[in-house]
Amino acid sequence: MDFSHSLSLILPEIVLSVAGLVLLLVAAWGGDKTSRAITIASCVVLAACFAIVAPSVCAAAMGPDTVAFGGQFTADAFAGIAKLMIFAAAGAALVIAPAFFGRYGIMRAEYPVLILFSTLGMAIMVSATDLMTLYIGLELQSLAAYVLASFLRTDDRSAEAGLKYFVLGALASGILLFGMSLVYGFTGTTDFGGIRAALSGGMATGALFGIVFVLAGLAFKISAVPFHMWTPDVYEGAPTPVTAFFASAPKVAAIALTARVALDAFGAQAGAWQQVVIFAALASIVVGALGAIGQANVKRLLAYSSINNVGFILIGLATGTAEGVSAMLVYLAIYVAMTVGSFVAVLMLRNAEGEALEAISDMAGLSRTKPLLALCLAMLMFSLAGIPPLFGFWGKFVVFQAAVQADMVALAAIGIAASVIGAFYYIKIVKIMYFDEPANVVQGRSDWAHWALLAISTAAMSPLGYLLTPWLGELADGAAAALFLAA
Amino acid sequence: MIQAIAFYLFATLVLASGVLTIVARNPVHSVLWLILAFFNGAGLMLLVGAEFLAFLLIIVYVGAVAVLFLFVVMMLNIDFAELRAGFVKNFPLGIAIALVLLAELVLGVGAYRAGALDLGTADGMAAPLAGESNIENIGALLYGRYLFLFESAGIILLVAMVGAIVLTHRGTRSPRGQQNIARQIARKPSEATVNTKPEIGQGVEL
């Protein structure tokens, strides 16, 4: 095995782990007063990794040259585009953290380090082409996430969120491992290519059970219905910057991982997993849309919104075609920008004492007290609802187009109908902000970093975003081609 | 000949210490018998040529798990005599569970023998290197073919440790507050006291 070639392919992962280890030492010796410096250093590291990965995405890297460590790891364009989204989302989670934790008096130096290790786990996940790599990446990401969820340990809700996430996450890991052991038992290999070859002739019932269990475990990680119960509680309880992180980066990683497992490892038995994915997609869209209606807490509402969006993303996967995967990646990129923007806006809702506000009723009449914030939030909500002039519409459009091209008209029709239901609660927030009597509780000022992130995501979601479509589409097509070259 | 003697010695001791583990009155003695059972199990594994597993059993089970048990037993004041009081009452239930487990074992072995399961076969990629021990083979795999996974697993363990410390470490804050001796000595009377001349009926401004 050519180690130098393998090591050059995992350069972003090496940079992330070495940076994480060094910054951990700095945190251990310097204490919490170094947290700001460590946060800045972590952002620089993520930017460097972004720069390392970007060329392979632009060049649509694929084929045997991208395979490292004898097929355990693949650094192709598909993994690359997911990594770019993950690094960007993790960077956003770092930028918004100091202001939030500073108000509780504890911006601890371990926060950026844990984010870096979690990002490392996600980078391993999206590059995994072996069941063992898959599990190690997933576990590294989840373990850091459990700690991040209960990072505000003086807050009961945060502790509860961490515990709930840990218990259910461990259960999901167990289900996933059981499925993986069945797949390994019936195919004799953990390598994705080997599994596909073993399943191409026909499939034993045991292997089918394995596929279903693996998908169930992964559905938990992307919070697809019927494994979504933890999402609202964890998103509500976790500190808001951590929630923004959970809703963006790990979702990208888990969805990219699911796509690779489904299309690469189980690609020869598409019929076996397609019905599972179609069910999860439709159920997520409907439950996400209906569940959000009664919510009074904006973080819970965004949790249901993320469940809803995962449904749309899974429609792209359910088609099982290169167009579907490309549409899924485009939707994913738009979703990350919208989600990060929405959570940044939620972080900027603060009362005169600087305490975070999470109730939707506190946003009443925001257009009169904070017109710019209200405008940005309204645009993000319209975009999430998929109202045409905004960029969120484009994501839904390409996904439904791919579904129609793959002769899944019924799937697309149900999805469109449910997205109309979903539009109700997004527009309800706009109505509360613009037409209700001002509650006048949102007072605090926000620093430039929040405004900058909000401006970037709002600008991307505005009709200006359509300028990105040819470029985004090209990158996504290259990435999808890389995934299908293997399959 | 000597192998047969060693086998019967280890096997007898495993069984005997296993029985003594569950019948010992003192829980600390139970754990000690358990450790003896582990040691003899390791001896059995050595006999069949699985020396890596044997050392793993001693390092992991004796070195970590059993000692952890010992600490738990000694630190938590569990009254095992009370726990065991319902032994006769629960005896039929225990027998039933044991029968279920036995039936599963027989079924599993029977199904495996019948060859009903069409399990995949290993592709020979991980075939043993000729003439080398288990330990060398496993080492060559861990630091060669599976280097990436092995190092990543190490980072998982590090994150677990960092997480446990982050969530439980309270810092070293003294309950009596902090004393800065240099500042105390450097303090001058002019900084510490203020002379005021309040007007009658106005009170003092602090």
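Including glycine, each Cβ sits where the backbone N, Cα and C put it.
Bear in mind that TrEMBL entries carry predicted annotations, made automatically and left uncurated.
Of all ranges given (A:198-220, A:244-266), TrEMBL attaches the label transmembrane segment to A:198-220.
Residues 203, 208, 211-212, 215, 219, 224-226, 228, 232, 262, 266, 300-301, 304-312, 314-315, 317-318, 320, 408, 411, 414-415, 418-419, 421-422, 424-425 of the same chain sit 6 or more residues outside the transmembrane segment (A:272-294) yet have a Cβ under 8 Å from a Cβ within it. Here the transmembrane segment (A:406-427) has Cβ contacts under 8 Å with residues 278, 281-282, 285-286, 288-290, 292-293, 295, 301, 305, 308, 311-312, 315, 318-321, 323-324, 381-382, 384-387, 396, 399-400 of the same chain, all six or more residues outside its ends. By the Cβ criterion (under 8 Å, sequence separation of 6 or more), the transmembrane segment (A:165-186) is in contact with the transmembrane segment (A:113-138), since 3+ such pairs are found. Long-range contacts of the transmembrane segment (A:301-322) within its own chain (CB-CB distance under 8 A, at least 6 residues past either end) are made by residues 222-225, 228, 231-232, 234-236, 243, 247, 251, 255, 258-259, 262-263, 270, 274, 277-278, 280-289, 291-292, 295, 328-329, 331-332, 335, 339, 342-343, 346, 360, 384, 395-396, 398-400, 402-403, 405-406, 408, 411-412, 415, 418-419, 422, 425-426, 429, 477, 480-481, 483-484. Counting Cβ pairs closer than 8 Å and at least 6 residues apart in sequence, the transmembrane segment (A:6-30) and the transmembrane segment (A:113-138) reach three or more and so form a contact.
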